[in-house]
Amino acid sequence: MIRLARSRLAMRAPLQPLPVLPFSRVWPMQGVQRFLFLAREFAQLTKPGILRLLVITQFCTMLVAAGGVPELWTAIWATLGTVLICGSANTINMVWDQDIDQLMGRTAHRPLVVGTIKPAHALIFSGVLGLSAVMILTFLVNPLAALMGIAGHAYYAVLYTMWLKRSTPQNIVIGGAAGAFPVLIGWAAVTGELSITPWLIFAIVFFWTPPHFWALALYKDVEYGKANVPMMPNVRGHYTTKLQMLVYMLLLLTTTLALGLTGDVGLIYLIAAVILGAGFTYCCIRVAFDKTDHWAKRTFAFSIIYLGLLFAAMSVDSLQTHHFTERHYLAAIERDADRMRAEQDIDEIRRLHNATEAPVWTATP
């Protein structure tokens, strides 16, 4: 394994000279300002933008699993564990990809590329986050949630980052499962098991990933080619990529509608799934016929909005259903109480009536 890792490292592109940075970026002011600077740089290793979307899917899934609001501390610890385990995996991804990050405009200013954080320190940071996450999920949530967290971490940090990303144009398709594991963590945290519903939600994130990332790859194909990352547009061409986006969009639509058949979501979600799905499909169709990168950029942006609103609709539906069910449950209890009180009143009236009509026997001399 060590020889294999060394050989793979040797095959990677050598690091280029770092860009000249302002003195304050390389060695900021002392004291509190330096601490805040380093804290911000370490936070960037966790990819906060991606992390935010992962936490949204995890927390919304907990609402669906609970049929409303989950138990407070379960929600807190499960969310914290998800943040830490995903942050750990993202940090490993940055350490491994620093050679290609420096070649791409959108990643050229990451902390490891510009040298504000050393790779060894980043790995220690990742280890602390990962170990803390496993401890929290195991002992403060449940072992199944911890197992899903470990599986997601290994899938993204090892399978995707160290192998799939640089070896196949299907990297995003197969690796898309990594971004869906927070869904399983959230469901397992609330229920302690995995039914068909969390796997359907998992599939939603899985099928959403290819059109989302390929839209980005369509207008960043030059940068991916420069970094020698075999993204679909670079290997198979734009035409094939656009057709496959439509295929995965169809699978995504089918899965979102199938979730409505489980009974765990209701009408609000179904309406949102149809409207949002129509919008996403329209964007993908426009991409297919667009000769520029205009609609690819718009589709990438809309895909993020799509996923956020879809999971928000799940949450609202669960909360609304919970409120509706609770209200009718309380109303049913009140009706039963009124009926019991009425029956007691009737029994009391009958008893008094029978006591009044009963003959009075007197002794005769």
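Backbone N, Cα and C atoms are what each Cβ position is placed from, and that goes for glycine too.
Remember, TrEMBL labels are computer predictions, not curated facts.
Sequence annotations record features per position, and here TrEMBL assigns transmembrane segment to 50-69, 75-96, 120-140, 146-164, 171-190, 196-219, 239-261, 267-288, 300-319.
Using a Cβ-Cβ cut-off under 8 Å and counting only residues 6 or more beyond its ends in the same chain, the transmembrane segment (267-288) has close neighbours at 211, 215, 218, 242-243, 245-246, 249, 252-253, 256-257, 259-260, 295-296, 298-299, 302-303, 306, 309-310, 312-314, 316-317, 320. The largest share of C-beta pairs under 8 angstroms with the transmembrane segment (171-190) comes from 146-164, of the ranges 50-69, 120-140, 146-164, 300-319. Counting only same-chain residues 6+ beyond the ends of the transmembrane segment (146-164), those with a CB under 8 A from a CB of the stretch are 8, 81-82, 85-86, 88-90, 92-93, 96-97, 130, 133-134, 137-138, 170-171, 174-175, 177-179, 181-182, 184-185, 188. Below 8 angstroms of C-beta separation, residues 53, 56-57, 59-61, 63-64, 66-69, 201, 204-205, 208, 211-212, 215-216, 219, 256, 264-269, 271-273, 276, 279-280, 283 of the same chain, each at least six residues beyond the ends of the transmembrane segment (300-319), sit close to that stretch.
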